[in-house]
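K.L.:
Let me begin by handing over the structure; questions about it come next.
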Amino acid sequence: MWSRQRMRHKPLWALISLTVLLLVLDKSNANTEPVETSTTSEPDASPGCRAPDVRFTIVKPEATTEQPLAKFETTQIYLPEDFTTADVEFVDSVPRHPNENHAAVINPYSLDLGDDHLHVGDAAASLVGDDDLGDEDEDHHGDPEDKRLNANRKQGKRRRAGSGRRRRIENENGQTGRGRGSRYKRHAILHDTEASPETDRWAGSKLAAEGDVYYVHIADILKSREPNRELKSKLHKLKMKARLNKCLAEGGKEKCTRLLKKKPKKKVVEKEQTLKKEKKFPKEEQSKEKVPENGQTPKEDELELDHPETAAAHHRRRGDSHAAELDQRDRSPRWRRRRSTEFKGDLGQLPPESGIGPEPEPLADQDLKDLQQYGNQSSSARVALLWQRVKRKSGKTTGALSRPKGGGDSSSKTTSRKDKGIYDEEAGYTPIHPDDPEFDEEEEEDEEVDILQQFTEVSEIRFPGEIGPMGDRRLCKIRCVKGKWVGPLCATNEEDDNGNVKFQPLYKSCHVNRIPSHLLLSYRNISVTPIPPNRGWRKTRLSKSTLLSNTEINVGWDLPHGHSLQARCQELGIYKLLGESRVLCSNGLWAPRMPSCVPTTVLTNYSEDSAPSIRIKIFNGSHSFEPSGVMAVPPHSTVLMDCMYPRVRGTPEWSWTSWYMQYSTGWSPAQEEKAVRYRLSIKNIENNDSGTFTCTSPRGLTNSIAVVVATSTCPQLTEPLAPLKLRLEGNKLGQRAHYECPEGFRLDGAWNATCLASGNWSSPTPTCHAIQCPRLELDDPHLSLIELNTSAWGRAVFKCQWGFKLTGPAQLDCEPSGVWSGPVPRCKVIQCVMPVAPLNGRIGGTSLSQRRLTVGALVTFSCNDGHSLVGESSIICTENGQWSHSPPFCKSQCPYPGDPPNGLIAPLKFNYDAGDYLSVQCRPGFVQSYEGPPERPKCQPDGRWSGPMPKCKSYEEV
C-alpha cells in the first residue's frame, strides 16, 4: 500500500525535492530569507459576519503555487487584504455567557443512517458524535481542557482508521453507489432514552450564546415511515413554542396578535394536513381498510403497503440504511398504529390568559408545562430556538456549519451537508435522489428568517481539514474579522505557553530579512525601500495595510501569498539588475528569486569584467524611472545615452529593439567626454522610438535601458497640513514634489515623489512627526526620573534614592536630531570616613560590622576608667558624606573621694580634673588630723589622688 502511494505521488516527491533545494539556495543567499514565516497576533475576532454557506470547498492553488492538496467541508471564505498570518488560541469549549462567546460549533440535523445492521436505539446513538455523547442537559460546562484535546485527537484517529473497514462493509452490502458522505456519522440529534414524544426539546446546535443543547426523543421518529417529515413537524411545533414564548416574554401584545393572524405558507399547511391524515386513530384506519369491500378506491397509503418493493427502493434512494427493517414494518398493520402519535395542542394560538384577540383554544397540559419551562430559560436559549428557523428555499441549511464528515482519500466523493448531492471533482454534484418524486427543494421551504440576527454572536467556526498528499487531518477554523470570514487557519504541531494549539494560514507568506543593496522594491507602484538610518529609520513589520499606507518600510516584513513586488536598481544604467523585475510570493517562496544589482564600469574603475555603464541626459523635457525599471520620457524630447567605456580598449556597439528605426551613434564631441562616452542620440523622440537600447562592450558584456514615450498628468497636489512643507515642480511626467519637515520633526515617508507614466505619484504624501528621543533605559535600580519629555528640546531630570548620589549629569536634553545630550547617569552609594578611636577611649556601634559607613550609620564613643568623654558620645553619617559631629576625646579625671567622717570636702564635684586640690572642713568640735605632712590631696594626671583625705578628730582625741 505504501509503495503504491509513493508511486502515485512520485511527481510530488520530485517537486518537494526541488522545493528543498530552492530553500537551501535561498538560505545561502545573504540578501533574503523567504522561507521564514513570522507569527504575528491575529486580528481580533469580531462577531457580526453573515451566516456562511455550507459547501464542500477544494482549495485551488495559483498556477505558480505548489498545490497544498487541502480539502475542507466548510464555508466559502474571503481573505481581507490586511490579513497576513495568525497565531490564535485553540478554542474547543463553547462559552456559556453572551459576553464571552468567541467560538461556535453548529451542527445540522439529518436522519441519513449509515449502518443497516443497527437497531433503532443504536441507529439513534449513531446520530450522536463523540463530542455529543457526554452532553447532558444539566451539564453544560464541558470537560477539562486536556480531556477535550484528547477527545479531539482520538476522534480524528478513529475517523482515519475506520475508513477502509467501512468501505469494505458497504461494498458487501451493495452500498457502493451512495457516495462517501453517508459512511460518516451525522452530528445532529441527541437521543434522550428517558424522554418521550411529549418532552421533546429542540436539538441540532451548540450556539455561541450559552451552548444550550436540546434533546429530541428519536425512537418514534425513526419508527416513522417518513422520518424527515415527522421530524420537521415536530421541530416546527417546537419552534412555534419558542416564538410564542419570546412573544410573551417581550410583552408585545400587538406582535403576538400578528403572530396569531399570520397564515402559514401553503406548502407548510399541506404538510400539516398530510401528517394529520396519516395520524388518524387506529379505529379509523381499520375502517379505511374495509373500504375495498364497499367498492371504493383504496387510499395512497394502502397502495404503498401493497407494493413494499417500491417503498424499499424509495428508502434506498434516500440512503436509509434501515430499509430492510422498514420493509417488515410496512407490511404489518401494527406498525401504522405505532406511528400514529398525535401531538396535542395547537401552537398557533395563545393561552386564554394572554388576553389578546379572541378566545383561543387552550393548550394541552404538557404544552403549558413546556411553555413555562421555556419561559424560565435565558434569552440565549430563546435565540437558540429561533436559530433553528432554517432557510431551505435554495437547498441550504443555514444553521448547518462545519462538522466533520472527514475521510482519508482526498480524491473520493463527498456528500454535501446541503443534501445538494454527491460531489465529484470531475462531474460536480450528483443529486442523491433524482428519481424521488417526493423530494422537492421547494417543498422544504420554511419560514425565512434574517440569519444575521441569529448569527451576530458567532465569531469563530472550527472544522477538520485534509492537508498534504497523504490526507493528513488537522483541526482548522475560520474567524470573523471585520465582517468577513478569514481563513482557513490550520493547527500546527506546536503549542503555546498555555498548552493551546497554534494555528497558521494554509499558505505561507514570504519573509524578507533585508533588501539587497541598491535595489528598490515597489508594491502596487509604491516604494517599499527602507529609509536610511539618518532619516529616522525605525524597524517596522509589514502587512498589506502597511504596504498601502507607508512608502518606505524597513526590512523584516512579510508579503502575503499571491502578491508580487516590482524591483529595479536605484540608478538605472549605473547598476545592472540581475534577475527578473517582478517577483511573486508563492507559498513562502519567491518565484523567481529576488534579484540583485551589480555595479558597472564607472563604479569598478572601468574593469574589463564589468558591464558598461549608461549615462542619460534629457533635453526639452523631464523623465521618470518607473517601478518596473523603465525610463519614461515625454514626446519631442531629446535623449542622449552615453555608453561608458574606454576608447583605447575598443568601440562598444549600440543596438535597439525597433529594428526599423535609425539613430546616430558615435563618440561624444566634447573634449573631456570623447575618451569614454560612446553616445546614442534620439532627437525629437516619438512613440515609435519606444523600446530597449543595449550597449555591448567589445568583450560581449551588455547593459540596457528600456525607454517608453508617454504623456501623463498626475493629480494636483494640495497644500499639506502643517508642519509639512511642499515644493512642487509640476504635475507632468517626470516632475517631482519635494517634501520637507521643520527642525524638530521627522518625515515619515518619501522625501520626494515623481509623476509616473501611469498618472500616479510614485509615493503618497508623507507626514511629519515630532522627533522623539529614544526611550531611556534605567539599568540602575536606585535611579529614577522626576521629569521626562522625549520631544525635541525636551529634558530628562534624574534623582537617586536616599543614601545615593549621582555620578554624571543630573539632566539630559533631547536634541533636534533625536538623540540625548549625554549618557544616562548612575547612582553611587554615599559613605563616611571611618572615625579614629580617642586616646584612653573606645569606639562602638552596629554599623561598624557592615564595613561600610553609609548614610544613617551610627557610631558611639566611650572612655576608659579614670577618663571622661569630651564631645558627643554618638555621631551619624549624613547625606553629604560627613559626620554629624566631630569625634570626641577622653580626658583624665579623679573620682569623687567622698566626705570624711564629721567633715565635708570642698570643692564638691563628681569628677576632678588633673591638678585640682581638695580641702576638708570639719564640723564644730572637730579638727583636721594629718598622718603625715600637712598637704592637701591633689588630682594627678593618671586619675589618682596624691594622698589620702584628711580626717576630722575631736578635741578629746587630739
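Every residue gets a Cβ built from N, Cα and C, even glycine.
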K.L.:
What residue among C890, C894 is stated in Swiss-Prot to be the disulfide partner of C863?
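P.N.:
Answer per the record: C890.
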K.L.:
Taking C877 as one end of a disulfide recorded in Swiss-Prot, give the other end from among C827, C832, C939.
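P.N.:
Among C827, C832, C939, the cysteine that Swiss-Prot links to C877 by a disulfide bond is C832.
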K.L.:
Have a look at Swiss-Prot and say which candidate in C814, C827, C894 forms the disulphide with C939.
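P.N.:
Its disulfide partner, as Swiss-Prot records it, is C894.
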K.L.:
Looking at N525, N760, which is the one Swiss-Prot tags with N-linked glycosylation site?
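P.N.:
Annotated as N-linked glycosylation site in Swiss-Prot: N525.
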K.L.:
From the disulfide entries in Swiss-Prot, identify which of C714, C773, C800, C814 pairs with C755.
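P.N.:
According to the record, the bonded cysteine is C714.
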K.L.:
May I have the DSSP-based helix, strand and coil counts for the residues of the domain 'Ig-like C2-type' (612-708)?
P.N.:
6 helix, 47 strand, 44 coil
K.L.:
Whole-number answer please: how many Å between the C-alpha atoms of N605 (N-linked glycosylation site) and C939 (disulfide bond)?
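P.N.:
Counting only the Cα atoms, the answer is 105 Å.
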K.L.:
Looking at the disulfide-bonded residues listed here (C800, C827, C832), whose Cα lies nearest to that of C695 (disulfide bond)?
P.N.:
C827
K.L.:
Do you know offhand how many angstrom separate C643 (disulfide bond) and C890 (disulfide bond) by C-alpha?
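P.N.:
Just about 100 Å between their Cα atoms.
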K.L.:
Here the disulfide-bonded residues are C643, C714, C814; which one has the lowest number of other Cβ atoms no more than 10 Å from its Cβ?
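P.N.:
Across C643, C714, C814, these disulfide-bonded residues, the one with fewest Cβ atoms within 10 Å is C714.
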K.L.:
Quick one: Cα separation, N752 (N-linked glycosylation site) versus C741 (disulfide bond), in Å?
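P.N.:
N752 (N-linked glycosylation site) and C741 (disulfide bond) have their Cα atoms 12 Å apart.
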